[in-house]
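All remarks here apply to the structure that follows.
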Amino acid sequence: MGVPAGMPHPNGLQPQRKDKALAQNPNTPQKGSEAFLKKLIHSSWFFPGAAIVVMLGFLMASFFTQPSRQVDTNVGLQLLNDHQVKSAKIYDGDQRVELQLKDDYKKGNDNYGKSVRFYYVQPRGDEVAKAMESAELESYTDQPVEHSFLGSLVSLLLPILLFGVLFWFLMGRVGGGSSVMSFSKSRAKKFTKDKPEVRFSDVAGVDEALAELEEVREFLAEPEKFTRLGAKIPKGVLLYGPPGTGKTLLAKAVAGEAGVPFYSISGSDFVEMFVGVGASRVRDLFKEAKSDPAAIVFVDEIDAVGRRRGVGMGGGNDEREQTLNQLLVEMDGFDGNSNVIVIAATNRPDVLDPALLRPGRFDRQIGVDAPDMQGREHILRVHAAGKPIANTVDLAQVAKRTPGFTGADLANVMNEAALLTARDNGNVIDDRAIDEAIDRVMAGPQRSSRIMNEHERKVTAYHEGGHALVAAALRNSAPVTKITILPRGRALGYTMVMPQDDKYSTTRHELLDQMAYAMGGRAAEEIVFHDPSTGASNDIQKATDTARKMVTDYGMSAVIGSVKLGGEDTEPFLGGGGASARNYSDATAAKVDAEIRALLEQAHDEAFQILLENRDILDRLAFALLEKETLLENEIAEIFKDVRKRPEREHWYSKPTRERTDIPPVKAPSELAKEAEKSEEAPAEAPTVPVAPAAPAQQVPVAPTQPLPPQAPLTDPDADPTVAMPTQQYPNYPAPPEHRPENGTPNQNGAENERG
């Protein structure tokens, strides 16, 4: 039976439910005020703010409770002389006189009341005393100065309070705005299996590193699989490699796959301005990690804290070294029973302390390099997922056109392609967008606002054409895939020379070819305009660096020999990266300079000779560049189909007196298999009759290079003579000097020559 509305329930439960519902309603003012007060109390600024408010209250109270108002000294003396004062009190030391008047003192419309005070200077003390004696006062008192407890407290606590607030503020800044005592705590972020972001399936192109880290995951998931064989879980894994190759991404994948708590921290988060903070944070990090059954600690950019000790000005008292010492102890110290695996990433493994790299700390050191062609294709497919890609886009070809690109570069290419498509209001990402994105990543955005006059465009066209033509005429250079005279980044134009496959080493002949086509732009300017420009400065720098490395690093100079000249990088302050120390004599340095000069001159002469022999093709290429501004691989191949190629380079020996041999290398099993397949497919041939060997041919001297005959104009004769008129006659140029070892920085993944 129900209870009528408005009547109390017999057992009294109904009002109780109403009160409980009211108390649990989050929208009630009472609940909101409680939450606000709780938030206010837990705020890091609550206690210093409260102290400031209390001190201000004391100051205001002391200010507003002043018993009397001040009047001028002459007014006070006049009141005494006029017998208007009832009682007086002199405060010795303050030179202050407090007066109690018989009636209110008024000055104009201002009523001062019956309590006033005035101050006097020492010379007028006698005058004040005489006025007191003649005033007929009811009471008169001399009182020494007594500082009030409140005033003493304020004067004592105010400096302490200000210093405390300043200290609180500084500690809050150091500790990221948290409480004062937390600045020595670890700054690591903890991730659990409930918050996975990246999986191993999201990582591509680094299969070896992925396999090693998957094994770490198996160590944590199934330790019995390894411990039954006596294997121990590795203490640490060091990931090293160039920037952008995916070291941090691999760590994120481990965090998503591990199934154990994952702590992430940067190496720079350990060291602060206060001594001992770094070591304290290391202890706190490992203490927290060891409290879990198993955990992974990831230290990004560990070179910030793990640099070699004993280097620099700090010595043993360096705060960074104390932090490193604590890290060494935590990873493999006296307490060897640890369930923590440390994963670290760096792109400077050469500067790390040897004690950090030894087995027992970082047992595994995994190199993460730029991906190969297959890896680049996999990375492109990962980053293409979720993007509308046109059916005409072949990611395998895109991977082929991007040698040397890291995972970050490829991700940037796909993102730039998407941005360019959105800028043009497109719906799908096509080849044009991807091609432009590759150019933007390699050379920067196109400078459409940089307008060159016709002469500069012509100089740029011949300059880039010189690079491309020399590269096409050499036997050991990669194919030319693109030429453009559109300004991009800091360059006025550029030529792409891309290998068909990934290369991991460079031969001497390839280095010579690199130097020759690097000098092709300068040679073309000299031949055509007889007035070279500053656009070849970058080319000369690259060729010089290549020549220097050939002589001093690669042992490719017959004069210097197979000697490594120049010491390792010195370590003055930063644990590496200093200037290279010269550990050879001045006489050897002079020989090195002479060899570098000879290599550069030979490369320049070779480029000059190639352009003279192919001047008609150079003019045709320059005209096409002026007309279209950008030429792609198929168009370039059509122009270069009649290029007069240079002969194969001679065999080179580091010492001329060594015995020469022409025995070829053995054939690889794959080559033998291909020959066997061809022999099975080819029809049986009739037996051949052996022929006696021919007599050795007589060496005939080669005539000097003759100028090319005049050719028909490419366009009408009224056009610019450097492009449209027939090829001009040029005097004979001597053949390149005796073959010398030359250098070029080994560009294993393609080359790009810029004019800018």
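Keep in mind that glycine also has a Cβ here, set from the backbone N, Cα and C atoms.
Per Swiss-Prot, the candidate among Asp539, Asp545, Asp553 that belongs to the Zn(2+) site alongside His463, His467 is Asp539.
Note on the topological domain 'Extracellular' (66-148): DSSP counts are 21 helix, 38 strand, 24 coil. It is Asp539, among the recorded positions Glu464, Asp539, whose Cβ has the fewest other Cβ atoms within 10 Å in the structure shown.
Across the topological domain 'Cytoplasmic' (1-44), mean pLDDT in this model comes to 48.
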